[in-house]
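Written out below as structure tokens is the structure these notes cover.
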Amino acid sequence: LTQCQKEATGEAKTLLPSFRPKCDENGDYQAQQCWEKTEWCWCVDKNGEQIPDSLTNSSSP
């Protein structure tokens, strides 16, 4: 499993245990991540690193 897949299934420990990332078909992080509990969204690279200034309180970062 990739790191994204491990975090998505809860197998890997994260800083925000209630957040589960979305992974693409290759197991990389999807470009847009959203935390449904808060409605915050942000963009990430394929390794899950947040793109600077992409955090927004909507579904379109």
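Going from the start of the chain as shown, residues are counted 1 onward.
In case you wondered, yes, glycine gets a Cβ from its N, Cα and C as well.
So that you can see what the record holds, here are the features copied from TrEMBL:
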DOMAIN    1-61  domain 'Thyroglobulin type-1'
DISULFID  Cys4-Cys23  disulfide bond
DISULFID  Cys34-Cys41  disulfide bond
Request  = Among all chains shown, work out which of the disulfide-bonded residues Cys4, Cys23, Cys41 has the most CB atoms within 10 A of its CB.
outcome  = Cys4
Length of the line joining the Cα atoms of Cys23 (disulfide bond) and Cys34 (disulfide bond), in Å = 12
Query = What are the DSSP helix/strand/coil residue counts across the domain 'Thyroglobulin type-1' (1-61)?
reply = 7 helix, 13 strand, 41 coil
Task = Whole-number Å only: compute the distance from the Cα of Cys4 (disulfide bond) to the Cα of Cys41 (disulfide bond).
result = 17
